[in-house]
Amino acid sequence: MLEKERQGVIWAMGAYLAWGVLPIYWKSIDHVQSDEILASRVLWAFIFTLLIVVLMKKTKILVVDIQTLWQNKKAFWSMFLASTLISVNWFLFIWAVNNNHMVSTSLGYYINPLISVLLGIIFLKERLSTAQKVAFVIATIGVIILTISYGSFPWLSFALAISFALYGLMKKIIPLDALRGLTIETLFIVPFALMYYMYLFISDRAVFFHDTIQTDLLLVLTGVATAVPLVLFAKGAQRIPLYMIGFLQYIAPTSMLFLGVIIYGETFTMIDFLSFSLIWLALILFTVSKVMEARLRKLELAKL
């Protein structure tokens, strides 16, 4: 492995491990309502990412990005939709973790790549190989078993998966640097976060400035917890092939599953294990097929 790729793997692994253990952070402030945590996350993520952009002397590029979006209404509204989707995803994630649904959260991020591919077929006219079709069938069987076991469809898992997959689709339409992209996304939502915080303070419901200094500090640092993994991921993604990201992305939901079952004592029955095993098998089939496709494409290009 080249030094550049090795560094990329380290950056990307750091990002996915950070995302995987992020539930510990949300658990540390579970006495704060999920809506206030979300407002804090949006506000402080915007401030923190903007500060990094300024320190990296990328302010002019950020202004150009915003001007370009403003001039292209389709891109502007796509970015606004992306901002809304990631906010919904963040809220669901925080709420799920702090209401002891970490296993459901991990399921959501396991099935997210499959939902992303499905969106690619619908909106980008992408095609599936035979192995990928088989993977979809196996994953569907796993979800059906879970649905029968729970007595209801796993809406939370699918809401997390679909919101993040749609967010990814929007980001594919508007390719932007990860850090500046997050700055602009939070810029769209930060006025709503500020208005909501004003409402919380007026109605005497705000925890910020009304609890311990530790809680205040943890709420402020939600911005750092949001931005740092994204910066690590951006650095990693620039240095490694897409198929490697395909393998590494399962670190996060696996870490969440481990935390939920082993650390926080959430229920994980044999039926859950069977369903997850089918989904894991589907993901292995899917990822291996994507790796084979990438290698064949590389060989074909080498022949030209």
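Even glycines carry a Cβ here, placed using N, Cα and C.
Bear in mind that TrEMBL entries carry predicted annotations, made automatically and left uncurated.
Confidence in the domain 'EamA' (8-147), given as mean pLDDT, stands at 90. The feature domain 'EamA' is assigned by TrEMBL to 8-147.
Proximity of distant same-chain residues to the transmembrane segment (9-26), defined by a Cβ-Cβ separation under 8 Å and at least 6 residues beyond the stretch ends, is recorded for 1, 37, 93-94, 97-98, 102, 105, 218, 222, 225, 228-230, 232-233, 235-237, 239-240, 244-245, 248-249, 251-256, 259-260. Marked as transmembrane segment by TrEMBL: 9-26 (among others).
Among the features that TrEMBL reports, transmembrane segment is placed at 38-56 (among others). Residues 62, 87, 90-91, 94, 179-180, 182-183, 186-187, 189-190, 192-194, 196-197, 200, 208, 219-227, 231 of the same chain, all 6+ positions outside the transmembrane segment (38-56), place their C-beta atoms under 8 angstroms from a C-beta of that stretch.
Per TrEMBL, the feature transmembrane segment maps to 76-95 (among others). Counting same-chain residues at least six beyond the ends of the transmembrane segment (76-95), those with a Cβ under 8 angstroms from any Cβ of the stretch are 26, 34-35, 37-38, 41-42, 69-70, 105, 156, 159-160, 163-164, 166-167, 170-171, 173-174, 184-186, 188-189, 226.
What TrEMBL records for 107-124 (among others) is transmembrane segment. A Cβ distance under 8 Å defines the sequence-distant neighbours of the transmembrane segment (107-124), meaning residues of its chain 6+ beyond its ends; these are 132, 135-136, 139, 143, 146, 154, 156-162, 164-166, 168-169, 172, 246, 249-250, 252-253, 256, 276, 279-280, 282-283, 286-287.
Per TrEMBL, transmembrane segment is recorded for 131-148 (among others).
Per TrEMBL, the feature transmembrane segment maps to 154-170 (among others).
Marked as transmembrane segment by TrEMBL: 182-202 (among others). Within its own chain, the transmembrane segment (182-202) is flanked in space by residues 35-36, 38-40, 42-43, 45-46, 49-50, 53, 62, 65-66, 69, 79-80, 82-84, 86-87, 176, 208, 226-227, 230, which lie at least six positions past its ends and keep a Cβ under 8 Å from the stretch.
Packing against the transmembrane segment (217-234) from elsewhere in the chain are residues 11-12, 14-16, 18-19, 22, 25, 28-29, 32, 36-37, 40-41, 43-49, 52, 90, 177-179, 182, 207-208: each is 6 or more residues past its ends and has a CB under 8 Å from a CB in it. Annotated transmembrane segment per TrEMBL: 217-234 (among others), in sequence order.
Annotation comment: TrEMBL describes 241-264 (among others) as transmembrane segment.
Per TrEMBL, the feature transmembrane segment maps to 270-288 (among others).
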Contact check, the transmembrane segment (270-288) vs the transmembrane segment (154-170), 3+ Cβ pairs under 8 Å, seq sep 6+: no
Other parts of the chain folded back onto the transmembrane segment (241-264), taken as Cβ under 8 Å at six or more residues beyond its ends: 5, 8-9, 12-13, 16-17, 19-21, 23-24, 27, 100, 102-103, 105-110, 113, 276, 283, 287, 290-291, 294
Same-chain residues near the transmembrane segment (154-170), Cβ under 8 Å, at least 6 residues beyond its ends: 78-79, 81-82, 85-86, 88-89, 92-93, 96, 101, 104-105, 107-109, 111-112, 115-116, 118-120, 123-124, 143, 146-147
